[in-house]
Amino acid sequence: MNRPTAQGAVNLSGSKFSTAKSWEPEQERLTWQPGTVSMNTVTSPGPMANSVYVVAPPNSYPVVPGTVPQMPIYPSNQPQVHVISGHLPGLVPAMTEPPAQRVLKKGQVLGAIQILIGLVHIGLGSIMITNLFSHYTPVSLYGGFPFWGGIWFIISGSLSVAAETQPNSPCLLNGSVGLNIFSAICSAVGIMLFITDISISSGYIYPSYYPYQENLGVRTGVAISSVLLIFCLLELSIASVSSHFGCQVACCHYNNPGVVIPNVYAANPVVIPEPPNPIPSYSEVVQDSR
């Protein structure tokens, strides 16, 4: 039996270290995978498994809005991945108020103002009836505009408020937009009628034409027409703005693209294969030499 000499032991240990050094870069290359968040460079010759979590970049593969993102195809020499539902810990998206909700809140305020304008029209129209027996000629009152105009203003304002409370109802939203446009047209008609009232009755407010009592009725009628003219101008602006906001919300409902959040992928455990020529241990070499 041949006993190992000191020189042979040195040669064996040297060959062992050289083989380990040549295997070490190969093991590091097998451990690193593209897109991983960490790299394990343990030089243990035995098989080991490590779970690798990869996050797909947003531009790594195309995503069509409104469709389920497909799993990207990886080469056969790389581990296949599967989707994990949810978000990474600590990466919860910030909860922000959508623009459509902010627009609807503005529409609710404008709708409340429209209701008040409609009530003012009905109230001042009732006061104008008391001046029918004077020399004041209310053309707008003969057409009944303070009443039917005020009713339409109240209806359009109520629909604007209801659209904010039920933002997912397309019927309320479309009805609010349509009635706001109609209210804007009605307020434009009312502006022309009240301007006509003021222009006709303004020549009768001087004391030389009628006694004081009749002149007071004309002054009261002109003052009421002036106030209603101001409210009609306000209603025209509010109805136009409400229609604009309603169209914006309708566009947000019909053309709302889906928000694409990058998915989290988990690769299958990577098993480091053993080298084709495993490193012999010192005891095995000694036994073989014997």
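Using the three backbone atoms N, Cα and C, a Cβ is placed for every residue, glycine included.
Bear in mind that the values here come from a model prediction, so they are computed numbers and not experimental data.
Annotation comment: Swiss-Prot describes 1-108, 160-174, 242-290 as topological domain 'Cytoplasmic'. According to Swiss-Prot, the feature compositional bias 'Polar residues' maps to 1-21. What Swiss-Prot lists as region 'Disordered' is 1-25. Sequence annotations record features per position, and here Swiss-Prot assigns transmembrane segment to 109-129, 139-159, 175-195, 221-241. Residues or ranges marked as topological domain 'Extracellular' in Swiss-Prot: 130-138, 196-220.
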Chain residues outside the transmembrane segment (175-195) and at least six past its termini with a C-beta under 8 angstroms from it
107, 111, 114, 139-140, 143, 145, 149, 152-153, 155-156, 159-160, 162-163, 225-226, 228-229, 232-233, 235-236, 239-240, 242-243, 246-247, 250
Mean per-residue pLDDT computed across the topological domain 'Extracellular' (196-220):
70
Give me the DSSP three-state residue breakdown of the topological domain 'Cytoplasmic' (160-174), ordered helix, strand, coil.
11 helix, 0 strand, 4 coil
